C-alpha cells in the first residue's frame, strides 16, 4: 500500500473546513413498504483514505444533529484501521449511540444467518421509532445491500430489481454495484 493513502490522525486540526469531505446521510423513506420511518445510509464517518478527508468529530456531531440513535457498522475492525478511524466504535459508544457492529467483507454478502440477524435488529430499531443509520466504507455496497434486503423483508410485493432501483434513486447509480453482490442478493431475497 502506498503511504500517500494514509494521513496522520492529527490532520483534522491542519485542514480547514473547506478541505474536509462532508458527511452526507441519505434518508430513505420507508413509506414504499408502508412504514412511517426513515433509514439513513452514509459513508464511513471520520474516514481519511485516498481523496476522502473527514473529521470524526464533525461527522459525529452531524450524526447527533440529525438525531441518530442507532448505528449499524458493516466495516471490519481491519477496515477501520485502514481508513484511519480505529476507535470509531468506542467513540460512538462514548457519544451515547447504540452500536450494532455486524461486519462482513467489502464486495461480499453476509451469510444468511448474519443477514437475518442484522435485519431483525434493524426492524426492531425501526419499530421502536429509533433514528437509525447503516454505514460501510462508501455507503453503496454493503449498506445498500442490507437496506434492499430490509425493503424486501418489509414488503410482500416489492421485487429485488425494484428495491435496487429505489436504492439507486436515493444513493446514486453506484449502489449495489458489483455483479457478485447483485447475484448473491438474488439468493438472499
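Residue positions begin at 1 at the first shown residue.
For all residues, glycine too, the Cβ spot is worked out from N, Cα and C.
Quantities reported herein were computed from a predicted structural model and do not represent experimental measurements.
What TrEMBL says about this one:
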- 113-182: domain 'Tyrosine specific protein phosphatases' (DOMAIN)
- 136: active site, phosphocysteine intermediate (ACT_SITE)
Subject >> CB contacts for residue 136 (active site, phosphocysteine intermediate) [other CB atoms within 10 A, all chains] >> reply: 25
Original post:
Taking DSSP states H, G and I as helix and E and B as strand, how many residues of the domain 'Tyrosine specific protein phosphatases' (113-182) are helix, strand and coil?
Top reply: 44 helix, 4 strand, 22 coil
